[in-house]
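Asker: My questions all concern the structure below.
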Amino acid sequence: MPNPGLLVLFGSQTGTAQDVSERLGREARRRRLDCRVQALDSYPVVNLINEPLVIFVCATTGQGDPPDNMKSFWKFLFRKNLPLTSLCQMDFAVLGLGDSSYAKFNFVAKKLHRRLLQLGGSALLPVCLGDDQHELGPDAAVDPWLHELWEKVLRLYPILPGLDVIPPGVPLPSTFTLRFLQEAPTACSEEQHAATTDPANTPSELQPFLAPMVTNQRVTGPSHFQDVRLIEFDITGSRLSFSAGSVVLIQPENTDSHVRRFCEVLGLDPDQYFTLQAREPGVSCPVQLPQPCMLRHLVARYLDIASVPRRSFFELLACLSPHELEREKLQEFSSAQGQEDLHEYCNRPRRTILEVLCDFPHTAAAIPPDYLLDLIPRIRPRAFSIASSLLVHPSRLQILVAVVQYQTRLREPRRGLCSSWLASLDPGKGLVRVPLWVRPGGLTFPKTPDTPVIMVGPGTGVAPFRAAVQERVAQSMTGNILFFGCRWRDQDFYWEAEWRGLEERGCLVLITAFSREQEQKVYVQHRLRESGPLVWELLDRQGAFFYLAGRKVASLALSQLPTLPGSSRCCVSRWRHGPEGPCCAYVAHCLGAIIISHSI
């Protein structure tokens, strides 16, 4: 009898959990196990009762939240009416990916493991807790856990007589084949394949809306170190609808120079057309790619050649390398013992896939095109807080984008793919369209008109609060308090005129902190402490909602949680924020208070 199929289900926010899941799939096939790898929300969860062997790989996001592509599964699994014997026939294992600098480290994996046991599942081994803070990354925990996992699995389902484990140096068949066309197709709709200017349904990742860019304006002063853009899109006829707190997702592209260099290194003709076919039944071709497709389109809009490669990239590249010296180095980088060297070579300087291929030219020139989609991940959409309200700007969508650029020891500066691409677009030189769609964000604002809101948004973190203030003022809602911080009043005070106008009308209380305008730096947390009586009055007596945006302030909040200064005690009766822990810790740190209770 053949071995049962192994099912690997992942919940991934940034792609790491998906990459680990695909690695599990490859290792399973090397052990002669049929293996399916799927995102949790794409799997029909009611079928779980029939699965004999399931590995769950899940990341934890925010403050103990499941990734977006497993939220439906999460909600279903914790239904109270599920029988406690639902999964009694299932062997399972849970691999978690998290960051130990967060209070709820690997919370999703731990809670999932407990719930699967509650429902009768049999754990093959304890939950794996991969930690991004470890000097070797999550692999420090994942590698030994996987070694033990395969021992358990092969004990339960040994390889059939006459078969052996496929050695690591032997490449598995590619997932897809690229069949090149001798002539270009007479008609090709690449521009309209996965995006549209006239959607029949609400735009989504599978069919974004091609939004015309209206303005692309730098809003930081010419002497400011950072280029920040206010970008506006025309969404007329898009069927897009959003409210304060929503986010827009944008699908970026690689630069023309990177596309040309990639094709040169791999010896590809960017103008060549191909069709994509899956090798195995049940495997679907990526819907983001047209059929037929031009290689230029594949490289520019699908392959993330500007990303930092993961360990799995080096594993496959080593299998494909015909060059002895290059192959030895690639094998070293892909081994457990070589992870420190890999981190120093790749992760620390943020070396990209394209740069790695340039460093291994003999290997790059020998890569079969069939393996491109196995080797290189797809470009993921980037999310931005929407900075405008439809009540004030009908048929418009605005975002505030800080263009990411920094220097490492590598000669070429590191640049954010999406922010740099957006900054390069100039609607003044002709029509520019950007594929985008929207989704609800983590912030929801009170509907009652007399409920105050306290918003802390330094730097570009103020973007979602601009949408909230616009929306609330348009609905005649009062009690809008905004703490805004930046470096210099005349360089990066975003929307100063708009805030001042609202202040004059009595619609907004604005409290600012300009950190570099005096000898001692002043931040929003200092202004919060100075405004302590007002803040506590709003929170404790008027039931205000508190919001915190921006990675730096959230990190400060977390770091202050164990050692809150001061001795005053307050009971906070009502809160609204994104992550639960940081807001409480942050306010307590800023105001010198110890929070003894709160509820949501």
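Cβ atoms are placed via backbone N, Cα and C, with glycine included.
Sharing the features that TrEMBL gives for it:
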{"type": "DOMAIN", "residues": "6-150", "note": "domain 'Flavodoxin-like'"}
{"type": "BINDING", "residues": "12-17, 59-62, 97-106, ASP132", "note": "FMN binding site"}
{"type": "DOMAIN", "residues": "206-447", "note": "domain 'FAD-binding FR-type'"}
{"type": "BINDING", "residues": "ARG350, ARG382, ALA383, PHE384, SER385, GLY416, LEU417, CYS418, SER419, TRP575", "note": "FAD binding site"}
{"type": "BINDING", "residues": "THR460, SER515, ARG516, LYS521, VAL522, TYR523, VAL524, GLN525", "note": "NADP(+) binding site"}
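I'd like these features described in context: how deep, what's nearby, how far apart.
Answerer: Looking at the domain 'Flavodoxin-like' (6-150) alone, the prediction's average pLDDT is 91.
The Cβ neighbour count for GLY15 (FMN binding site), using a 10 Å radius over every protein chain in view, is 16.
All chains included, 21 other C-beta atoms sit within 10 angstroms of the C-beta of SER419 (FAD binding site).
Counting only residues at least six positions away in the same chain, the Cβ atoms of GLY485, CYS486, ARG487, LYS521, VAL522, TYR523 sit under 8 Å from the Cβ of SER515 (NADP(+) binding site).
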Asker: Sort the binding-site residues GLY15, ALA59, GLY62, ARG516, GLN525 by C-alpha distance from LEU417 (FAD binding site) and give me just the closest.
Answerer: GLY15
Asker: With the cut-off set at 10 Å between Cβ atoms, which of these binding-site residues ends up with the most neighbours? Options: TYR102, PHE105, TYR523.
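Answerer: Going through TYR102, PHE105, TYR523 one by one, the largest Cβ count within 10 Å is at TYR102.
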Asker: Cα-Cα, whole number of Å: PHE105 (FMN binding site) versus VAL524 (NADP(+) binding site)?
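Answerer: With the alpha carbons as reference points, the distance is 27 Å.
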Asker: Roughly how many Å lie between the Cα atoms of ARG516 (NADP(+) binding site) and GLY15 (FMN binding site), rounded to a whole value?
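Answerer: Per the Cα atoms, ARG516 (NADP(+) binding site) and GLY15 (FMN binding site) stand 38 Å apart.
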Asker: By Cβ count within 10 Å, point out the most packed of the binding-site residues listed: ALA383, LEU417, VAL524.
Answerer: VAL524
Asker: Can you count the other CB atoms that lie within 10 A of the CB of ALA59 (FMN binding site)?
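Answerer: Other Cβ atoms found within 10 Å: 30.
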Asker: Among all chains shown, work out which of the binding-site residues SER385, VAL522 has the most CB atoms within 10 A of its CB.
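Answerer: Ranked by Cβ atoms within 10 Å, first place goes to SER385.
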Asker: Report the same-chain neighbours of SER12 (FMN binding site): residues 6+ apart in sequence with Cβ closer than 8 Å to its Cβ, ordered by sequence.
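Answerer: Within the chain, SER12 (FMN binding site) has Cβ neighbours under 8 Å at GLN18, ASP19, SER21, ALA39, VAL57, CYS58, ALA59, PRO67, ASN69.
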Asker: In angstrom units, rounded to an integer, how far apart are the Cα atoms of TYR102 (FMN binding site) and ARG350 (FAD binding site)?
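Answerer: Computed Cα spacing between TYR102 (FMN binding site) and ARG350 (FAD binding site) is 23 Å.
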